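Visitor: Copied straight from TrEMBL:
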type: COMPBIAS; residues: 546-555; note: compositional bias 'Acidic residues'
type: COMPBIAS; residues: 664-688; note: compositional bias 'Basic residues'
type: DOMAIN; residues: 369-417; note: domain 'Nucleolar protein 10-like second'
type: DOMAIN; residues: 482-508; note: domain 'NUC153'
type: REGION; residues: 527-559; note: region 'Disordered'
type: REGION; residues: 647-688; note: region 'Disordered'
Amino acid sequence: MQVSSLNEVKIYSLSCGKSLPEWLSDRKKRALQKKDVDVRRRIELIQDFEMPTVCTTIKVSKDGQYILATGTYKPRVRCYDTYQLSLKFERCLDSEVVTFETLSDDYSKIVFLHNDRYIEFHSQSGFYYKTRIPKFGRDFSYHSPSCDLYFVGSSSEVYRLNLEQGRYLNPLQTDAAENNVCDINSVHGLFATGTIEGRVECWDPRTRGRVGVLDCALSSVTADSEINSLPTISALKFNGALTMAVGTSTGQVLLYDLRSDKPLLVKDHQYGLPIKSVHFQDSLDLILSADSRIIKMWNKNSGKIFTSLEPEHDLNDVCLYPNSGMLLTANEAPKMGIYYIPVLGPAPRWCSFLDNLTEELEENPESTVYDDYKFVTKKDLENLGLTHLIGSPFLRAYMHGFFMDIRLYHKVKLMVNPFAYEEYRKDKIRQKIEETRAQRVQLKKLPKVNKELALKLIEEEEEKQKSTWKKKVKSLPNILTDDRFKVMFENPDFQVDEESEEFRLLNPLVSKISEKRKKKLRLLEQQELHGKEEEEEPEGKPSDAESSESSDDEKDWVAEVRKQRRLLQQEEKVKRQEQLQEDQETVLKPQFYEIKAGEEFRSFKDSATKQKLMNKTLEDRLKLEAKNGTLSVSDTTVGSKQLTFTLKKSEQQKQQQEAEKLHRQERKAVRRSAGHLRSRPRRGRPFH
């Protein structure tokens with residue numbers, strides 16, 4: 001079970017326990033479940049609470065006993081019984097489901113709107129009836145007093161299907177080209193539809209007449225928002241008799257009172273993604289709005305963020321379990337999300353043990369994700385002397401670093417720096433002592449790190465307080481009192497290096513300005529040592545002199561920059577001379593290279609020539625080879641070019657070929673001489 005916290009609100013993710021690395025095999029995972037207690041104690045709240053590929057919509061029945069979800073691929077609906085914590089049934093469908101609604105308190109009457117214009121009615125036993133609407137549907141609502149189903153979609157008409165008579169009624173004609181969403185107020189039965197033009201049209205089902213039009217597109221555009229297209233209505237939800245929340249395709253949520261055409265509040269998600277769903281949480285006066293990336297919970301009176309939830313995968317639908325703090329999400333992943341937020345409300349009755357479990361977890365914090373593994377970079381491995389383990393099973397490459405076992409990391413860390421614990425202990429003791437000192441009544445004390453920067457910020461804050469126009473300017477938080485920048489004045493790693501090249505060029509007047517600050521710094525240090533009261537800063541030059549000096553700031557800045565550049569060039573020149581002198585003094589020793597068996601030595605000149613040739617382009621290499629005679633280009637019969645490469649022979653091969661040629665010539669000469677002797681007549685006396 002993962003635990004996250006934002007604004008001190010704990011969120012428990014029940015759909016994923018302690019995460020196991022993906023590279024582990026099934027055999028190792030089973031072995032880890034036997035050894036690791038945390039893995040064995042993972043919570044599986046509902047068995048098989050997932051889809052084959054993707055879950056599109058999720059809803060809870062009115063009695064709270066059943067959770068129904070649709071998904072793909074293949075299109076199907078699954079019903080989970082919360083009393084049994086398992087799957088009750090699964091039905092496969094002919095096409096994907098756009099949305100669905102339960103007409104009864106349980107799962108016995110369900111209506112499905114498909115993406116192929118069909119409407120399916122299911123009973124407790126299974127499929128019951130199927131009908132079709134003229135245009136593709138996008139949403140529908142059920143008006144229980146008249147038993148009418150209102151369908152909206154890619155048409156200007158709102159189709160009405162009466163379930164009591166079993167026939168279609170006259171549709172409602174809207175002024176919009178298309179309608180995206182719709183909802184019916186459960187108190188007075190007002191029907192509202194959100195259009196593609198960014199309007200909300202409200203109709204009275206009793207008279208079938210339009211009672212009002214609300215333009216939300218212009219109201220959603222604020223001074224801070226960046227709109228690239230016309231906002232359309234993507235979500236719509238009633239709360240009570242007079243409150244309505246509207247979500248737009250550009251990521252804004254507008255809260256309306258039905259008695260006014262101006263929104264009470266406009267909340268921007270800052271992601272620019274269409275709002276998928278909006279839910280009201282009445283006990284804390286919260287609104288839960290969700291797009292495909294994040295679920296934001298904010299106060300409906302002030303708009304202040306209460307907390308937010310950002311799942312790992314994109315969201316398709318969000319369902320708030322009634323009268324509880326449980327959230328169910330349909331994701332772009334096989335696994336459906338279950339989140340428990342104790343602040344929103346208690347756990348449902350079928351999983352009431354979650355309250356006791358979360359209380360125990362708050363008392364004994366659990367380990368976080370990947371707690372058995374340590375992420376290290378290549379630089380960390382060099383410091384630990386473990387670069388030879390790269391490529392071995394002890395290190396698993398991940399992004400810009402590696403995962404290694406935490407036990408191995410601690411052992412190596414202890415071997416490399418055996419006194420690390422003592423240093424850590426001393427730092428902790430020093431921090432505790434400084435915390436106790438901070439509670440005492442003390443003078444204006446500067447931090448140990450970046451004292452001059454802190455003094456500069458204090459002076460700017462004092463000048464801002466003394467200025468007459470401070471009320472007109474919006475007060476910004478001070479860096480010294482902001483916890484986000486606290487480490488900058490505590491950790492020595494953040495100390496500003498005034499000798500660096502960047503600092504000297506970007507701050508050319510820092511030497512002149514720092515003289516006054518150093519003088520004041522010495523006064524403050526003396527006050528801290530002697531424990532005296534803070535003395536007032538001695539008066540400096542009169543205001544006229546300061547104003548006369550301010551006119552020459554630009555010239556001083558240019559002169560100081562040039563001076564710093566000259567100094568940097570001189571320092572660089574001195575460094576180069578010192579390096580050249582060191583190179584001249586060093587004596588180069590001969591280097592010996594070992595030639596492997598079966599290889600012949602070639603001069604370094606040949607390798608350098610080959611390297612230069614490889615750096616050239618293909619055109620230059622072809623010209624050079626054609627010049628040397630190792631390349632010939634000829635035309636073929638079909639009109640294309642044919643290249644013939646001739647490999648350059650080595651000296652050894654040339655000598656061997658010349659020896660073979662001489663040998664062949666000697667053999668030919670021997671054969672000629674032998675044939676000539678056989679053909680000559682024999683001289684002498686004949687035998688008798």
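The chain as shown is numbered from 1 upward.
Glycine is no exception: its Cβ is also placed from the backbone N, Cα and C atoms.
Mind running through what each feature is packed against?
Guide: The average pLDDT computed over the domain 'Nucleolar protein 10-like second' (369-417) stands at 82.
Through the fold, the domain 'NUC153' (482-508) approaches residues 447-450, 452-454, 557, 560-561, 563-565, 567-568 of its own chain, all at least 6 residues removed from its boundaries and within a Cβ separation under 8 Å.
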Visitor: Per DSSP, how many helix, strand and coil residues does the domain 'NUC153' (482-508) have?
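Guide: Across the domain 'NUC153' (482-508), DSSP assigns the residues as follows: 16 helix, 0 strand, 11 coil.
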